[in-house]
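Input: a single structure, listed below in structure tokens.
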Amino acid sequence: MAVTNETFQDTSFIYEEMIIFEMNERTMVKVAVAILMAVFFIYINCVMIFAMSSRMTFMEIPRYILFTHLLLNDSMQLLVSCLMYVFALVYLRLVKVVCGLFVMFGSGMSRVAPLNLALMSLERYAAICLPLRHSDIATPKRSGIAIAVIWLVIFINLIIDMLYSTAKDPGFFVTPIFCTRQKLFIALWQMQVFQGFNAFCFVAVSLIIIYTYIAIIVTARSASSSDKTKASKAHKTVLLHLVQLGLSLSSFLYAPIESALASVSSTTIFIDLRYFNFLFLIIMPRCLSPLIYGLRDDAVRPLFLHYLTCRTRKVKAAVMVQ
């Protein structure tokens, strides 16, 4: 079926009508669970960031710089996602320009995460497959530049959307709306660019991670016995990047699934399914970074536990690059 501007209006209308409901006790419990889970993992992320930033050695190693950036991005996205979810539950109308800022940062951070994973995979590839050049290729300065380029590329498309909406919509600064990404689309090409960019991110990052994974496996097989352990751990790390990529990109499915649920479900069923959709596609993937990467790192784990237990757990922190 061809997608038209009328389709946007129909879908938004159905969704808007079905989202209005009375805030009962059961709903409040579900909201509390989602928000408390997000707040807990934001706290965990902040403790881990503080633990690494307390030792300058971590901030001089590219993979820890990229990991810290991933934690910051996940924490900010959890915060923005929870705020937008609460706005939706209470049917709070936001002025279009305010909604646009929330959506811009939420969408941008959902794209930054997989691209950051690609950088982390390339850093491990350089460490294992190009060990003599690793210190020249992966430097703190280049890591910072790569992060800046990611944010620039991501936000160019989003800023163009905002400027286009500002120019074409006279009520952009005064009209209150129910805040969703679809509500901000005023032209068909905006949705097509949005979906095309998401598809490009998925394909590009997937190819990078798969390539680095295969390259590290090949290198590990031909490595000496002393390097096999290092290479083995690196290819397991890249495999985790691939798993985390799948979880990160699951957030791209949130809006299409929600629109589909709104059009085929009753109000009660829609509210329940929408909650689980939000919990498993938005919240859960953002909560796994500290568990997947931080706690399995021999250098980060003891220092993290030291600060998590309010410094009651003694530790001798030493960063070991592997």
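Keep in mind that glycine also has a Cβ here, set from the backbone N, Cα and C atoms.
Features reported for this protein in TrEMBL:
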type     : residues : note
DOMAIN   : 44-293   : domain 'G-protein coupled receptors family 1 profile'
TRANSMEM : 31-52    : transmembrane segment
TRANSMEM : 64-92    : transmembrane segment
TRANSMEM : 144-164  : transmembrane segment
TRANSMEM : 197-218  : transmembrane segment
TRANSMEM : 238-255  : transmembrane segment
TRANSMEM : 275-295  : transmembrane segment
Before we move on, state whether the transmembrane segment (275-295) and the transmembrane segment (144-164) share at least 3 Cβ pairs under 8 Å, counting only pairs 6 or more apart in sequence.
no
Is the transmembrane segment (144-164) packed against any residues at least 6 beyond its ends, judged by a Cβ distance under 8 Å, and which are they?
65-66, 69, 100, 104, 107-108, 111-112, 115-116, 119, 184, 186-187, 190, 193-194, 197
